[in-house]
Amino acid sequence: AFVLTGIPGLPMSSYWMALPLCCLYLLMLLGNCTLIWMIKTEHSLHTPMYYFLSMLAVADLGLSLSTLPTMLAVFWFESTSLCFEACVVQMYFIHSFSTIESGVLVAMAFDRFVAICYPLQYASVLMSSLIMKVAGAIFMRGICVVLPVAILIKKMPFCGSHVLSHSFCLHQDMLRLVCGDIRVSSLYGLIAVILTKGLDSLTILLSYVMIIRAILNIASHEARAKAFSTCISHLCAVLIFYIPLIGLSIIHRFGKHLPPLTHMVLADAYLLVPPVLNPLVYSWKTKQIRRRILILLCRR
């Protein structure tokens, strides 16, 4: 069995940490489930942009629920032991949903690109059939790309220390404890990250270069501001997701000398911050969602 870690330097029975974690998970569940419910029930939100937003909410739910059992077990029940098979399964779901979320952010960038650069062709390009195919491809990519990672790690020999650096299982963290040859697994993991999140980030960057060029060509200052305002929510979601991800990847490969607390904070930010903040950002910046929430509150 692996031994999970809480906050370095603090006792395991940190109820002051368990309570905020519970609040974060409740906020995440409430925010993302409300988004999905509103998009499903409100016919005015049945557009490509909101379909992609509901996919983002599903990915956020999956990412958070993958870590929920062990995070609460460590901080609330002081249970730090996790069997090997459960750790591999958790690692698989964490990285799968992370890859899915990255793909959804690319789809949302494409949606904004078509809406701003080719507004007259928006309805004909982003039809329901294309959205279904894109959704299927995104979820299949997340499922298939991470599967070899789980298969390879399951065949690895573990000896010596079984203490992980986090309160959940990550691929890089598990590789650190392998006492055999990890070159194949490490190389595949690196290639998988480059071909998914690396290409995704470059695609999003390229999309926004073309979006900014199109916005600057708009004559009216008011129209430029309105066009750019439709991208702010997505830009926030991209930054919230990629900044902790890049930081965590860098310190896992090059920051082994850093204090354990640094690894823990970045890993928790990578897995908890996007699912909590995305519904808040979209509710705040999207007029239709904000109006729908106000109507529901007034009815109550």
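The backbone N, Cα and C atoms fix where each Cβ goes, and this holds for glycine too.
Looking at 103-122, 263-282, the stretch flagged in TrEMBL as transmembrane segment turns out to be 263-282. Within the chain, the transmembrane segment (15-37) has long-range Cβ neighbours (under 8 A, six or more residues past its boundaries) at 6-7, 53-54, 57-58, 60-61, 64, 68, 71-72, 75-76, 272, 275-276, 278-280, 282-283, 289, 293.
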